[in-house]
Amino acid sequence: MMFLSSGIYALFVSTNYWERYYTLVPSAVAIGVFIVPLWASLGNYITRIYELSNGYGCDCEANISATLEQMEASDTEHLIQEAELPHGGDNELHNVTKEGNINGQMEEFLGPQAEYDEEEEERKYYRRKRLGVIKNVVAASVGGMIVYSVYMGLLQMQLILHYDITYREVKYSNLGLQDIDEKMLMGINVTPIIGLLYTPILIRFLGTKWMMFLSSGIYALFVSTNYWERYYTLVPSAVAIGVFIVPLWASLGNYITRMAQQYYEYVNYKEEHVQEQKRLPKGACHTYIIVFQTVFFTIFNLSLVFAQFPMRLFLHASLQDYNHTLCKVQHCGAVIKGLIPGFNTTVLLTLPRSMDLIQVESILMGFAFLSMIIFLVLCGPAYRPTEEIDLRSIGWGNIFQLPFKHLRDYRLRLLCPFFIYSGFEGLFAISGFSVSYGVCVLGLKQFWLLVVCYGLSSSVFSSLALCLLRFPRWVNLIGGAAVHLVLILVLMCWSPEPRRPEYLAPMLIIAVLWGVGTALNKTGLSIILGMLYEDKERLDFVFTIYHWWQAIAIFIVYLWFMMPMRAKLSILLASLLLSCYCYAVMERRLANKIAPRMPRIPRPRHKVSHFTLRYVKGYRYLEEDNSDESDSENSEEEREEAGEEEREQVVEAEEEEGERGAEGWDRDYGAQGGDSPRGRRRFDAKRPQAERQCDERDEA
């Protein structure tokens, strides 16, 4: 901490090379953040040094002074005699020959305490663990909510300012802000397409908690680049956000599901399968998955509400009235093409002051740092250290391949249409309905109200997912799909006239109902994935696939913004109907108990048995015997796995020792013909017996 704090002070010195508001003020804020930790760590360090000096130095000085006094008082001939014990008879208890006193002290120290209740202490310990899990869920939800509030609020304010032609000419005359915005949106929406290639590797290399922390740091980087709006600052940061969209969402979904599993373990800590860390019974965690996912989306969906604060508190007074912005707009709703044809290019009544913009961005930057601190300090690890080692030790090649292999599972394949529709409907509510219907009819000043109603509705009605505690799991998805089906049909038939503020109430009702469908859709998908895939080794792969398909859908929405509105609604309707059909097929197959094709997770191979030095599959392992490990401490499954590993290694050792003979077998095998039965029989007859037994066991 002292080292980190000194680095912050060095950062403050470096900012004085370029004395600007956006360099000096953030560095000064950073110094203010680290003043208390620096002085606290210094005080702790000095106190610790003082305690060490008093604890060990005083005894040494007392012993030395006593010895010197004794030497001065004695004569020369007495020096060769046995020295007396210092401090008289105080140290007689340290005489190792007096076993009675020592045994009595040991029994008093190690014996059972009358006031100690082991069962009560264990119960209190696991109660603290359960409270820690709840704290982790709330912290992850609040951290994600703050990150997306800052990101969406800043992006929305930035796009409105850059759209105004007067702002572009006065502030950045020849910079080409519109071109920069197009490249920036392309970076955010196109880059996640390749997220399936690297997301599982990042999550397993960094860990779930650190992946959330790093992703929130990337969003904070995007906020910081808006202090200096240039192509070489905005576009790279937008590309970085696109790279980390899928990892952030996948790690959040994985984290919440893992917290549900941990909570079950802490509630049922006396169960044998929990104590031995075996696989949990099927369906044991479903209740906690439902509750925790409901809590997460209830908090997270408030990000849509808080994202409107910059526009409402800062930019709202500078916006033109709807009579000015919609003066050239002729049609709205289902009959238009694009977003709002004829929308005025001047939307600002007065240009905001640069200092006010810097203050707003600094506040957003502070909240971005707050989300990073929440992820870092308040969120605990999702896995035990040994579990994280096991997750990584299956090999990076296997980690790269397993997301693609999981797509063989018919459950994931049949849920993919719902994944895509989930991406469609979430972005359509913001960029489709709220703009092409809401802004086109009510004006830009009412945009924030529509989004706030949509966000509040999706947050409040996320609690409807608790109905899954009593009803089947299809209720959420089918209920949300039914609400959206009715709304899509209404929007396909409705073309309101522009500049009609009396349509505010119907717009708000549609926004609220769309939020109901979104809440049921998002919570339902996350809960179903947690129910279907309970193995902790598969969660990161499954949630990566889910949010990767969502990213594909967002990219499609980015491409279709110039299409006719009825074409967009038709795509939404077709994807919704296909999603419901595929989901019904999946539930029917599960009811018929058709086994899915699950890829095998390779067993971690980071440990070799008692072989001291051995070449195993091209890698050299050197490991000493663990004297603290005993066979009695291991379960039967672990002993069986260890025995299988030893047998495999014996076979490999025999192969190495018989390498010369193997060359002869290969020659005989090749001479007889590798595909002929005679050649196979002759080859098998000359193979080592242990190897043949291994193959027979694998075939069985």
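Cβ coordinates are placed from backbone N, Cα and C, and glycine is handled just like the others.
What TrEMBL records for 20-40 (among others) is transmembrane segment.
TrEMBL lists 133-154 (among others) with the feature transmembrane segment.
If you look up TrEMBL, you'll see 184-203 (among others) marked as transmembrane segment.
Annotated transmembrane segment per TrEMBL: 210-228 (among others), in sequence order. Long-range Cβ contacts of the transmembrane segment (210-228) within its own chain (Cβ-Cβ under 8 Å, at least 6 residues beyond either end) map to 22, 26, 140, 143-144, 147, 150-151, 154, 158, 202-203, 234, 236-238, 240-241, 243-244, 247-248, 251-252, 255, 358, 361, 364-365, 368-369, 371-372, 375-376, 379.
Below 8 angstroms of C-beta separation, residues 136-137, 140, 144, 147, 151, 180, 183-185, 187-192, 195-196, 198-199, 202-203, 208-209, 211-212, 214-216, 218-219, 221-222, 224-226, 292-293, 296, 379, 382, 526, 529, 539-540, 543-544, 546-548, 550-551 of the same chain, each at least six residues beyond the ends of the transmembrane segment (234-256), sit close to that stretch. The feature transmembrane segment is assigned by TrEMBL to 234-256 (among others).
If you look up TrEMBL, you'll see 288-309 (among others) marked as transmembrane segment.
Taken from TrEMBL, the feature transmembrane segment covers 363-383 (among others). Under 8 Å from some Cβ of the transmembrane segment (363-383) lie the Cβ atoms of residues 26, 29, 132-133, 135-136, 139-140, 142-144, 146-147, 149-150, 153-154, 207-209, 212-213, 216-217, 219-220, 223-224, 254-255, 258-259, 310, 391, 536, all in the same chain and six or more residues away from its ends.
Under the heading transmembrane segment, TrEMBL lists 414-435 (among others). Counting residues 6+ beyond its ends, the transmembrane segment (414-435) has Cβ neighbours under 8 Å at 339-340, 447, 450-451, 454, 477, 484, 491, 510-511, 514-515, 517-518, 521-522, 525, 528-529, 545-546, 549-554, 556-557, 561, 565, 568, 571-572, 575-576, 578-579, 582-583, 585-586, 589 in the same chain.
Taken from TrEMBL, the feature transmembrane segment applies to 447-469 (among others).
What TrEMBL lists as transmembrane segment is 476-497 (among others).
Under the heading transmembrane segment, TrEMBL lists 503-520 (among others).
Per TrEMBL, the feature transmembrane segment maps to 541-561 (among others).
What TrEMBL lists as compositional bias 'Acidic residues' is 624-658.
The annotation region 'Disordered' is assigned in TrEMBL to 624-700.
Per TrEMBL, compositional bias 'Basic and acidic residues' is recorded for 659-669 (among others).
The feature compositional bias 'Basic and acidic residues' is assigned by TrEMBL to 685-700 (among others).
Long-range contacts of the transmembrane segment (476-497) within the same chain, counting only residues at least 6 positions beyond its ends with a Cβ under 8 Å from a Cβ of the stretch, are 331-336, 418, 425, 433, 437, 440-441, 464-465, 467-468, 503, 510, 513-514, 516-521, 523-525, 527-528, 566, 569-570, 572-573, 576-577, 579-580, 583.
Beyond the ends of the transmembrane segment (288-309), by six or more residues, the same chain brings 137-138, 140-142, 144-153, 156, 252, 256-257, 259-261, 263-264, 448, 451-452, 454-456, 458-460, 462-463, 465-466, 468-469, 515, 518-519, 522-523, 526-527, 530-531 to within a C-beta distance below 8 angstroms of the stretch. For the transmembrane segment (20-40), same-chain residues at least 6 beyond its ends with a Cβ under 8 Å from one of its own Cβ atoms are 1-2, 4-6, 8-9, 11-12, 224, 227-228, 355, 358, 361-362, 365-366.
Listed by sequence, the residues of this chain that lie at least six past the ends of the transmembrane segment (133-154) yet keep a Cβ under 8 A from its Cβ atoms are 212, 215-216, 219-220, 222-223, 226, 241, 248, 252, 255-256, 259, 262-263, 266, 292, 295-296, 298-300, 302-304, 306-311, 361, 364, 367-368, 370-371, 374-375, 378-380.
Within its own chain, the transmembrane segment (541-561) has Cβ neighbours under 8 Å at 185-186, 189-190, 192-193, 195-196, 199-200, 203, 245-246, 249-251, 253-254, 257, 338-339, 402-403, 406-407, 412, 415-416, 419-424, 427-428, 431-432, 525, 529, 533, 567-568, 571, counting only residues six or more beyond its boundaries.
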